[in-house]
Amino acid sequence: MDLLSQLVGTSTCKEQSDEIDQEDGDLITTTATTTAASTATGTSTTCTTVSSEDGFRVVELDVSRIDDAAATATTKANLVCKTEESNFENGDSPKFGIVESFMLKMAPDSSVQIFRSKKGFEKLAYEGFLYNLDKRHQKYVLWRCEMSKKPGYKCSGRVRMTEDSLDMYSAHSHPPNPLKVVADILKARLYAAAEDPTNSSKFLYHEAVHLASFAGSSGLPKLGSMQRVISRKRRHTQKLLEGSLNPASSSYDSSSIASTSASSDGNCSISDLLQTAERLQFLFTPSGGFKEIGLKKVRDISADNDTDESSDIKKSRANIDEDKKPELSVLHSLFADPVISDEKSECPFKPSRSKRMEIQIHLQRVAQDSGISDLTSPDLAEALDDADPLKFLRNEFAYPKMRTLPHVDLLLVNANDDAIYMCGNSLGLMPKGAKRLMDEQFEKWANMGVFGHFQGPLAWSQIDESVLDGVAELVGAQRTEVALMNSLTVNLHILLAAFYKPTPKRHKIFIESKAFPSDHYAVESQIRLNGYTVEESLICMQPRAGDDCIRNEDIIALIEEQGDAIAIIWFSAIHYYTGQLFDMKKITKAGHDKAAHAFANIPLSLHEWDVDFACWCTYKYSCSGAGGIGGFFLHKRFENDKRERMLGWWGHKRETRFIMDNELDLASGAAGYRLSTPPMMLVVPLIAFLEVLSKTTMHDLRAKSVLLTGYLEYLINHFLSPSSLNRRTKKVMCTIMTPSDPEQRGCQLSLKFNVNISLVYEELIRRGVAVDKRYPDVIRVTPVHLYNSYTDVHRFMRALLDSLIVVECDLEKKL
């Protein structure tokens, strides 16, 4: 029995079809009548479908009143008769991605619900989906299905609304889930309870595990997803507490989260979900849809409605499998009770704004808890890996083996072991999903040819726009402020051509010394193209004598001194050579105070920093592959700026681009700087990366990165620092150029040697270590929080020590 039959009874379908030949084309008309009846609810539904040559299918739906409220909430997804795609005669290929149009009667007793969302847009609950309806457009309403939030999904369209009907044109790229609405109810209730400071973290943690046990059959999210959302809401509650919120005034009953009575095998029946939905009517009612209710009102209603259910809920907790108990103890660290602190990470290590000493204290604490006396022991690395809540991310990437790397001496290593990949600062590893997504697009190319530009999932003509939300969140920007196009250096020239307008009084460009060569060449060429000389117009910021890194206060001082002559401040957020993280927020403010444009070529929090424009590559930490597509940022204050720039047809508004009348209708924001058709093969790997990133948060990744790089720094200082009593080499010295303060660096550590780095590099390669060398004396080592482990760091340290000992012995022999 199908799902609809389980919910509303039996259904019968009668189809009639007629084909009408006309002189100017064939019009295929199909009429389908569907009746779904249930003796319990007295429900009947009739829908008529008309198909036409233009690829539209119109479904007119008339839904009578359903008395059973819980059944209405769940079955309204299933009361639409689907028609098969029409085959075309004369050998023509069938149309792909047929657009559907649902004509819904907006009667007061209809099961279609429209209500307000948090963002101020109207929201529609229909056909098992939730839709955001943006009514700001005069001619039609735009909609986007909430279920298609993953990068790359094309699930949006337009709506025509009248007083008594709603005509919705849709193009779903994912299968319907009729229990999605019910699952959202359960999530909403759990997440609302997470915001209540009177609920213990242990209680929320048990509730999440209990609901996750139904994930296989009910459409509920996985446990990890609920953990992350709950943790974010706990942090939000923490901020409220810091703002003097008084939790004592709450009358919320912590045992009031709705739960389902399930068997110990973890299966969840439809009746279980319906019973749960009935207990949640204050959040979702068939007559009013989802209601945006203040937290206090939620607590008050909950206290009134759920007082008799406490004992039943406590009993249902006993149904959790005994096998889940070890999992519970591991995950409990993610649900710390809210306290007034500055911590923002779910990682067991929660760095404050201070010193590397806290990293060592954390290492000592983990060692003590694990019964380990030596902080340099591989057992500590294993203990850190066991406690790492993000270790699952490694399985999302294709990790090289020793036998697959070139120049590895298989007499020194085990061929089947994982390589020691510490080169994410140069090229990130491939997300496993990239191959699957690329194969899908190659298959579409083979089967559809040119139609792939506009049909199917990830239509190529809009493939760059499909990732804008994820990229904007990643760089701390708004959607209209970012674009994906070209490569890094090309984007540098596009930005400089638009914003570098030198005058006799303001013509200088300010950059850091030893900037990335391509950046340096681009700046010099733009200075010359504008009729000035590099000697008079280029300012290179040098570190102080004896320092490896540039001090932020020196940068600010130079801007204040020469700011009236500076046209562009062009700084990397993270210096590629030393790994130093600059204070871009202060640098940008200092430049604006002098009316100079501020620029960053590494994305972090661009909008918040008030950066004017920026660009970056995606093939390193965004793992989009060698030569991956470049990222582009333009601050919102330039959104309607019509300054002269390099132009191309992709900067034209999408709605009128293919009219091709050679009358430029320039898109606003960063999109107006695009030149050419987006390259499908370069965007797809980035989509795969964003899918991985959606499984965690940047706060969690940053917390792991601080500890991972701090652990590497501790081992290097312990074994190789010139001042260390445990130094393993006598003549070969290794120092760390990168600042020791975690707030002044990223993942990377730049190691400086007093010997020929080619000798050290070759020995590392023989031991299966992937790093890069930068002349004259630096090797860059980067443990990436997405796929590197603490064991990788310890293995690298052993390989480095072995390599340096060999180099030192060879040097002694030559002497």
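Cβ coordinates come from backbone N, Cα and C, glycine included.
Where the annotation comes from TrEMBL, it is an automatic prediction and has not been curated.
Residues or ranges marked as domain 'FLYWCH-type' by TrEMBL: 116-174.
The feature region 'Disordered' is assigned by TrEMBL to 239-265.
Per TrEMBL, compositional bias 'Low complexity' is recorded for 244-264.
DSSP assigns S572 (pyridoxal 5'-phosphate binding site) to coil in the three-state reduction, outside any helix or strand. There are 21 other CB atoms within 10 A of the CB of S572 (pyridoxal 5'-phosphate binding site), with all protein chains counted. Per TrEMBL, the feature pyridoxal 5'-phosphate binding site maps to L488, T489, F516, P517, S518, D519, S572, H597, Y619, W649, T677.
Counting only same-chain residues six or more apart in sequence, the Cβ atoms lying under 8 angstroms from the Cβ of K620 (N6-(pyridoxal phosphate)lysine) belong to G424, N425, S426, L427, G428. Residues or ranges marked as N6-(pyridoxal phosphate)lysine by TrEMBL: K620.
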For each of the binding-site residues (F516, Y619), count the other CB atoms lying within 10 A of its CB, then report the residue with the highest count. Y619
Cβ neighbour count (within 10 Å, all chains shown) around S518 (pyridoxal 5'-phosphate binding site): 14
Could you tally the C-beta atoms, other than its own, that fall within 10 angstroms of the C-beta of L488 (pyridoxal 5'-phosphate binding site)? 22
